[in-house]
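Right, one structure below, let's go through it.
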Amino acid sequence: MTNLRKTHPLMKIINSSFIDLPAPSNISSWWNFGSLLGICLIVQILTGLFLAMHYTSDTMTAFSSVTHICRDVNYGWLIRYLHANGASMFFICLFLHVGRGLYYGSYMFLETWNIGVLLLFAVMATAFMGYVLPWGQMSFWGVTVITNLLSAIPYIGSDLVEWIWGGFSVDKATLTRFFAFHFILPFIIAALAGVHLLFLHETGSNNPSGLCSDADKIPFHPYYTIKDILGVLLLILVLTSLVLFSPDLLGDPDNYTPANPLNTPPHIKPEWYFLFAYAILRSIPNKLGGVLALVLSILVLAVVPFLHTSKQRSMMFRPFSQCLFWILVADLLTLTWIGGQPVEHPFIIIGQLASILYFLLILVLMPITSLFENNLLKW
């Protein structure tokens, strides 16, 4: 009798995706982040579901309902902090996953890469809407500032902002619709992740060398299932340590003050994972220019495959490109730091230089360096 997992219509899909999937024999731990992102998404959906059972999306009671979850609901504090810090873990895994794609040339799988960029936008939108829900000071002023940026769009800007707000200011209608979107988007993300995997399995995984690995494949199970379980255990260790020892480390103390439209916080800033984009936004004095730079800071990833000029796919054997890659990482860390600083000297000029360097590296320096390395191969 043939094995059920190979004949059953549903099991067959699971089998070909996670059990008998031929995988390159040399993929490193950098390939663990896809599965970790899947785990993060499951954790976020489950904790979010339990939070939604007790949360009320009304401006009068939203803040109190979050307090009620933390004080009165059984293990409500744990669910709330798992959800908040789970988002941070999600973004850490996302950034590392994208970084690995850039380093090893995984962006050459065009469909997989473009759906990944779409997923990044969707996750950022979800996280932004989720930050609004506790209805603290930073929630209120964050959503006011960021949605107001849309008014920079010529002709339709002001109408668009009022349409998103559901009125003439951020109020009950805004909170209710953001809650609705925050609830539905993770399921759309899960569907997109399925399509992401579908396209990946059409081509098979890339590997650190960037060479074709068809001649040397091993089954996904047990080799990479065990490897993924190790990654998951480490993720759980970091997340639980964060939640149980220092749950507010990555949050903003201003969000423990109920939203007050009459009192502006001294420094309005988003969560840490948006700070690099926020720094790029702030570095341009013009409103529309800032909004364009903000969108392009992520959208530039979609252009990367078309700027690949190297004869080699991976950066593994390209020392000059490696140097530029790590300069890009340092630049992003600098932007993250600048995003959390007040708008004053010397932070303004540092932010502007770091923003210019960010786009310069991706659009100009990396492609030129790749061409230079191609010529080195001829020597």
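Easy rule for this one: first residue shown is 1, then count along the chain.
Cβ atoms here come from the backbone N, Cα and C positions, even for glycine.
Going by Swiss-Prot, these are the annotated features:
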{"type": "BINDING", "residues": "H83, H182", "note": "heme b b562 binding site"}
{"type": "BINDING", "residues": "H97, H196", "note": "heme b b566 binding site"}
{"type": "BINDING", "residues": "H201", "note": "ubiquinone binding site"}
{"type": "TRANSMEM", "residues": "33-53", "note": "transmembrane segment"}
{"type": "TRANSMEM", "residues": "77-98", "note": "transmembrane segment"}
{"type": "TRANSMEM", "residues": "113-133", "note": "transmembrane segment"}
{"type": "TRANSMEM", "residues": "178-198", "note": "transmembrane segment"}
{"type": "TRANSMEM", "residues": "226-246", "note": "transmembrane segment"}
{"type": "TRANSMEM", "residues": "288-308", "note": "transmembrane segment"}
{"type": "TRANSMEM", "residues": "320-340", "note": "transmembrane segment"}
{"type": "TRANSMEM", "residues": "347-367", "note": "transmembrane segment"}
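The structure, with features from Swiss-Prot marked on it.
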residue : record                   : Cβ contacts under 8 Å, 6 or more apart
H83     : heme b b562 binding site : Q44, T47, G48, L51
H97     : heme b b566 binding site : F33, G34, L37
H182    : heme b b562 binding site : G48, T126, M129, G130, V132, L133
H196    : heme b b566 binding site : T112, I115, G116, L119
H201    : ubiquinone binding site  : S16, S17, L21
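Listed stretches 77-98, 113-133, 226-246 were compared with the transmembrane segment (178-198); the greatest number of C-beta pairs under 8 angstroms is found for 113-133. Contact between the transmembrane segment (288-308) and the transmembrane segment (33-53) is not supported, since fewer than 3 Cβ pairs fall under 8 Å when only residues 6 or more apart in sequence are counted. Recorded stretches compared: 33-53, 113-133, 347-367; the one with the most Cβ pairs under 8 Å to the transmembrane segment (77-98) is 33-53. Within the chain, the transmembrane segment (33-53) has long-range Cβ neighbours (under 8 A, six or more residues past its boundaries) at 69, 79-80, 82-83, 86-87, 89-90, 93-94, 96-97, 100, 182-183, 186-187, 189-190, 193, 228, 231-232, 235, 239.
Same-chain residues lying 6+ beyond the ends of the transmembrane segment (113-133) with a Cβ under 8 Å from its Cβ atoms: 55, 57, 62, 66, 87, 90-91, 94, 98, 101, 106-107, 139-140, 142-143, 146, 174-175, 178-179, 181-182, 185-186, 188-189, 192-193, 195-196, 199, 270-271, 273-274, 298-299, 301-302, 304-305.
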